[in-house]
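K.L.:
Positions annotated as ATP binding site by TrEMBL: Leu60, Arg61, Gly102, Lys105, Thr106, Thr107, Glu168, Asp169, Phe170, Arg211, Tyr221, Arg258. The Mg(2+) binding site feature in TrEMBL is assigned to Thr106. For Arg350, Arg355, the entry in TrEMBL reads DNA binding site. Annotation comment: TrEMBL describes 44-61 as compositional bias 'Basic and acidic residues'. The domain 'AAA+ ATPase' annotation in TrEMBL covers 91-222. The region 'Disordered' annotation in TrEMBL covers 1-66. TrEMBL lists 222-292 with the feature region 'Small ATPAse domain (RuvB-S)'.
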Amino acid sequence: MAIISSKKQPSEPDRSNAQLEDLSLPLQISESGQRRRQSGVELVRPESEPEEHGKPEEGLRPQKLSDYVGQKDLKDVLDIAIQAAKVRKEPLDHLLLYGPPGLGKTTMSLILASEMGVNCKITSAPSLERPRDIMGLLVTLQPGDVLFIDEIHRLPRITEELLYPAMEDFRVDIIGGKGRSARTQSIKLAPFTLVGATTRVGALTSPLRDRFGLIQKLRFYELNELAYIVLRTASLLNTPITTEGACEIARRSRGTPRIANRLLKRVRDYVQVKASGEVTQEIAAEALELFDVDPCGLDWTDRRLLSFMIERHNGGPVGLETLAASTGEDSQTIEEVYEPYLMQIGYLSRTPRGRIATAAAWKHLGYQPPDSQLSLMS
Ligand SMILES: Nc1ncnc2c1ncn2[C@@H]1O[C@H](COP(=O)(O)OP(=O)(O)OP(=O)(O)O)[C@@H](O)[C@H]1O
Ligand SMILES: [Mg+2]
């Protein structure tokens, strides 16, 4: 395991906020929001994992609560918690963030540390295999520090049990010796904030879940919020884009900032090679058709899932494992990545007997829904 400090980011290009003024969101990109924080973030990861700070998305993360687009309820709750903790000169309560991938859990955790003026150590549950992995992290925390554990539902049992007293009383208990000579030694820790992130809150044990003072869900983003994120990223990437172009990308981004940023980069490539000038609505649509992203943001796998349910099972119900076999995706990916958005846009519903493609999904794929489905709609 290695402890790695954040890398120095490339210098930011000069940008203007003019493009963003068309969208009626209260946020503006501040100069400080565009700058990478170059200290205070440590990344703890197993040797084998890719270095997250080397990911291209790192430079696109908002740095302050006011730069974090959308998620108003979450921001309101955290804003109060931060202000109260600062007044009391105490660390923030432990926070559990849950929601589908790419909605901003890691970003929010970095922002929290930055707003509190403390360090953030980032790790991922599967890398905390041995007790000494988590011990090594806990004992090096400074007062108030944020410890971010990604995929916290995958914590090994033994690590989880070490975390209980750490979260509750800021101490860890080590048992030395065996049998009758076994002794428990307690080590005091600096008060800290644990931020856990998960895509599967239901997979957390209740003792762990109950130790979080704040449990917050991240929701899919609205179209205008995503359009704003696209404009912001385009500005950071020095890519000229019209508001309509940003809306087109936003519409196809499955309510997810990470996807919005990814699609913008594909469109940027397309413009560079096939067109020139700014990204307009037509160019964005043309490029994304080429990348097989349809106007609702559905990709090959989504369409394959739905058309399999419709063509082979008359819309369902179909079991999760059968769906997984039909697309070659594993069932967990379908459950955590594909289904949440399909359910959000009303194309799929989960029932105790299996998954059902709704009438809207039939229509979107160009099929005539059966009467039984239509009657559900009315
Ligand atoms: N509210 C937001 N405003 C602007 N950009 C955002 C926001 N949320 C996320 N992003 C962008 O989306 C990218 C993905 O966000 P992040 O890595 O925080 O997601 P995540 O929820 O941690 O995903 P995962 O579950 O896969 O770990 C970030 O690089 C950031 O640029
Ligand atoms: Mg993350």
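Glycine residues also receive a Cβ, built from the backbone N, Cα and C atoms like all the rest.
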K.L.:
Under DSSP, is Tyr221 (ATP binding site) part of a helix or a strand, or is it coil?
P.N.:
coil
K.L.:
Could you tell me the C-alpha distance between Tyr221 (ATP binding site) and Arg355 (DNA binding site) in angstrom, no decimals?
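P.N.:
That comes out at 24 Å between the alpha carbons.
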K.L.:
Which binding-site residues from the set Thr106, Phe170, Arg355 come near ligand 2, judged by a Cβ under 6 Å from any of its atoms?
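P.N.:
By the Cβ criterion, which requires under 6 Å to ligand 2, the hits are Thr106.
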K.L.:
Using all protein chains shown, find which of the binding-site residues Phe170, Tyr221 scores highest when you count other CB atoms within 10 A of its CB.
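P.N.:
Neighbour-count leader: Tyr221.
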K.L.:
Which binding-site residues among Glu168, Phe170, Tyr221, Arg350, Arg355 have CB under 6 Å of ligand 1?
P.N.:
none
K.L.:
What is the nearest of the binding-site residues Leu60, Gly102, Thr106 to Arg350 (DNA binding site), using the Cα of each?
P.N.:
Gly102
K.L.:
What whole-number distance in angstrom separates the two most remote CA atoms of the ATP-binding residues Leu60, Arg61, Gly102, Lys105, Thr106, Thr107, Glu168, Asp169, Phe170, Arg211, Tyr221, Arg258?
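P.N.:
Among the residues the record ties to ATP, max Cα distance equals 37 Å.
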K.L.:
Looking at Cβ-Cβ distances, which residues of the chain lie under 8 angstroms from Gly102 (ATP binding site) while being 6 or more apart from it?
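P.N.:
Non-local contacts for Gly102 (ATP binding site): Thr256, Pro257, Arg258, Ile259.
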